[in-house]
Amino acid sequence: MTDTNATRCGYVAIVGRPNVGKSTLLNHILGQKLAITSRKPQTTRHNMLGIKTEGDVQAIYVDTPGMHKGGEKALNRYMNKTASAALKDVDVVIFVVDRTKWTEEDQMVLERVQYVTGPLIVALNKTDRIEDKAELMPHLSWLQEQLPNAQIIPISAQQGHNLDALEKVIADHLPENDHFFPEDQITDRSSRFLAAELVREKIMRQLGAELPYQITVEIEEFKQQGATLHIHALILVERDGQKKIIIGDKGERIKRIGTEARKDMELLFDSKIMLNLWVKVKGGWSDDERALRSLGYGDL
C-alpha cells in the first residue's frame, strides 16, 4: 500500500518534437516564466531543470530540446543527443503531443519512448481547440495502441487546462525520497544563463524563420551595483548580413530586443536592469564543436 503522506522527489523528463508546447507546459506548472518560448521550432537548445516543491512532493522537471529530423550541423546533433539523454535516469517521462497534427518527428519521438521502462505519460496538448471532445477518441485510441503502458491525459499547456490532473499523476509516480533541492529553488541554471536565454527569445520573436538558428547569446558581465543589475550580452552571428538584420535600421531592432528582454529580466530577477547588447560575427560557430563547447553546449 502506497503511503500518500510520504516525502516524494524525482525527475520528470518532458520530451516531444519541436514547438509542441513543452516549455509552455513547464512554465505553467511552475507558475512563472522560466523556459523561453516562441512560435519557431527548436527554441529550446539545452536541458533545463524546473523545480516545483509543494508540500511533501518535489517534482524536478527536465525541459528538453525538441527531437527533430534534418539539420546536420553540430548544434543539431547536440540538441538531439541532449533530448535523448533525458530519457535515461528519470523517474517519469512526459511525451507531449499536439492534438492538431501528427508529424514524422512525433513518430520519431514515439519510437524512442516505446522503450521507456518506467512510468510514461502522454500529454495530449491543445485539446482546448477541439469543441467536440468526441473527436479526440480516435487519436486517444491510436495512441493507447502504440503505447499500451502509457497514461494519456488531455491538456492545454497554454490555458492550464487539466494540469492539476497531470501533476497528480506525476506525484503518484515519484519515488519516496528526501527532497534534492531547497523548497524555494526553481531551477539548476544560473542567472547568467537565464538572462542569455531571455535575450535569445526576443531575437527569435523578432526575426525570420532561419536566422535565429545561427544566433547565440553569451553574457559577458553580470554584476549588481547598488539597486541596479548590470548585464552585458554578446549576440553571436555567423555573417555580416545577419549582424545588420539584428541591429536593424538605425538600431531600431536591437533596441526593441533590448527593451523587451530587460522587462522580462526585471520580473525574473526582481531588480532594476541596465542591459547592454553587442553583436559580433563569429563565422561557422553552429557547426564548430570546439566553439559550441566554449559557449556552454557541453559534450557533442
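Glycine is no exception: its Cβ is also placed from the backbone N, Cα and C atoms.
Note on Swiss-Prot: of 16-23, 248-255, the range annotated with the feature region 'G1' is 16-23.
Checking Swiss-Prot for region 'G2' across the ranges 37-41, 42-46, 187-191 points to 42-46. Within 10 Å of the Cβ of T64 (GTP binding site) there are 27 other Cβ atoms, across all protein chains. Cβ neighbour count for K22 (GTP binding site) (all protein chains, 10 Å cutoff from its Cβ): 31. Annotation note: T64 (GTP binding site) sits in a coil segment as assigned by DSSP. Note on the region 'G1' (16-23): DSSP counts are 2 helix, 0 strand, 6 coil.
Across the range of the region 'G4' (125-128), the DSSP-based residue counts are 2 helix, 1 strand, 1 coil.
Each residue of the domain 'KH type-2' (199-283) gets a DSSP state, and the totals for helix, strand and coil are 41 helix, 30 strand, 14 coil.
Take the CB of G16 (GTP binding site) and look out to 10 A: across all protein chains shown you find 26 other CB atoms.
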